[in-house]
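In Swiss-Prot this protein carries:
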- 1-32: topological domain 'Cytoplasmic' (TOPO_DOM)
- 33-53: transmembrane segment (TRANSMEM)
- 54-75: topological domain 'Lumenal' (TOPO_DOM)
- 76-96: transmembrane segment (TRANSMEM)
- 97-118: topological domain 'Cytoplasmic' (TOPO_DOM)
- 119-139: transmembrane segment (TRANSMEM)
- 140-145: topological domain 'Lumenal' (TOPO_DOM)
- 146-166: transmembrane segment (TRANSMEM)
- 167-245: topological domain 'Cytoplasmic' (TOPO_DOM)
- 246-266: transmembrane segment (TRANSMEM)
- 267-361: topological domain 'Lumenal' (TOPO_DOM)
- 362-382: transmembrane segment (TRANSMEM)
- 383-415: topological domain 'Cytoplasmic' (TOPO_DOM)
- 416-434: transmembrane segment (TRANSMEM)
- 435-440: topological domain 'Lumenal' (TOPO_DOM)
- 441-458: transmembrane segment (TRANSMEM)
- 459-479: topological domain 'Cytoplasmic' (TOPO_DOM)
Amino acid sequence: MSDRILSLFKPFEAFLPEVISPERKVPYNQKLIWTGVSLLIFLVLGQIPLYGIVSAETSDPLYWLRAMLASNRGTLMELGVSPIITSSMIFQFLQGTQLLQVSLDSKEDRELYQIAQKVCAIILTFGQALVVVMTGNYGSPSDLGIAISLLLIFQLMFASFIVLLLDELLTKGYGLGSGISLFTATNIAENIFWKAFAPTTVNSGRGKEFEGAVIAFFHLLAVRKDKKRALVEAFYRENLPNMFQVIATVFVFLFVLYLQGFRYELPVKSTKVRGQMAIYPIKLFYTSNTPIMLQSALSSNIFLISQILFQKYPSNPVIRLFGVWGIRPGTNGPQVPLSGISYYLQPIGSLKMALLDPIKTVIYTAFVLGTCALFSKTWIEISGTSAKDVAKQFKEQGMVINGKRETSVYKELKKIIPTAAAFGGATIGALSVGSDLLGALGSGASILLATTTIYGYYEVAAKEGGFTKNLVNGFSEMM
């Protein structure tokens, strides 16, 4: 059955653009150049406004997830990496439920699997672009006209396809790491930096204030006579970034770096060389930032579908159960879910909000921890890091677990790796919720994603660039 499903994508192989894998290893300096060029192209796409927009003043159901999805509203990067991540999530689900079985040992299966994911991402891009345009995000479709509506859809599809190819370029060995992680982490870092150091001023009702928390801190200390009151305002001002959020963000960043050094060291020995011993490390974050990326993609699709359905059928009881959307009382911000399933899946925002609605806090925490653990446990089967895959690597390299027989390697690894993956995913989820409670700049998930991606790039650079200084181990020792 699964073979027939994959074979359906065989005809697309002939005309679907593809990045050819390099015939030999790409030098480190060239990888840096390709990575920089890819990032530059992504940043440019995120600054080019869509041509043909009549109005972009409608509600934005994804405003708190845009940093996570590398999305900039009203630009070519409106959809960000959402279609690509969603496509990956769909195929992960199909594999995890055994509806689709792929032999990673088969070159043909791997190629068809990649083509299938790419086709799915293109279809999702078209669907999301169609929904965004036809629901009036850029003006009423009747005001836009058919030609402009089609042009907007084409622009969104073109930009998303460029991002898809850039990600493929990096993951196939021309650059460093994953394009999706790189683009998302860059967008998050840019967002955090802006909230901390933005020199723009806004009228908050207390007079003009600097938007950036650090700039506002020094400005308030300089102009206010009452320094104590100035400090309190700089650290706890509402509706604008404050210094407490900056400190919370730095704390979360350092704490995640500290946790990167946590690992279970599995003693192994060689069956080929007598007396040769080694350590096989199983990290706490065994699947890195993948669980939180997939969890964010799932949430974004739920919120998008919920708001679209509510706009069309606001009085339907089933739709209202899915989510009731409106502007939060006492604010003039974007529309948010006020009740329904979407409300309970929305990030908490702060410790105060968590205490005011403990039921939502419990449900949201359980949702994040559960989905992250599930995604992490499923991902190891797809990424080639499952107990079966590691046992195969051990056999090929002539390694066994110290004190265990060669025939029991898989059984021992099966006790450790799935548990480590699930626990690591749940830990990522717990850190995300904790960051939200602290009120860190951006969302907890975005800070975790940026930190793990930055550390991942550090590891890749250390490995390929020839320097071996272990920043995190040194940091862990200091702690």
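Using N, Cα and C of the backbone, Cβ positions are placed for all residues, glycine too.
Among the listed stretches 33-53, 76-96, 246-266, 362-382, the one sharing the most Cβ pairs under 8 Å with the transmembrane segment (441-458) is 246-266. Long-range contacts of the topological domain 'Cytoplasmic' (383-415) within the same chain, counting only residues at least 6 positions beyond its ends with a Cβ under 8 Å from a Cβ of the stretch, are 104, 266-272, 277-278, 280, 286-287, 290.
With a cut-off of 8 Å between Cβ atoms, the residues of this chain six or more beyond the topological domain 'Lumenal' (435-440) that come close are 244-245, 248-249, 251-252, 347-351, 354, 447-448. Per-stretch counts of Cβ pairs under 8 Å to the transmembrane segment (76-96) identify 146-166 as the leading one among 33-53, 146-166, 362-382. For the topological domain 'Lumenal' (54-75), the model's average pLDDT works out to 72. For the topological domain 'Lumenal' (140-145), the list of distant contacts is 52, 54, 133-134, 152: same-chain residues at least six beyond its ends, Cβ to Cβ under 8 Å. If you look at the transmembrane segment (119-139), the same-chain residues 6 or more away from its ends with a CB under 8 A from one of its CBs are 9, 12, 16, 50, 52-56, 58, 74, 78-79, 82-84, 86-87, 90-91, 149, 152-153, 156-157, 160-161, 164, 304, 308, 311.
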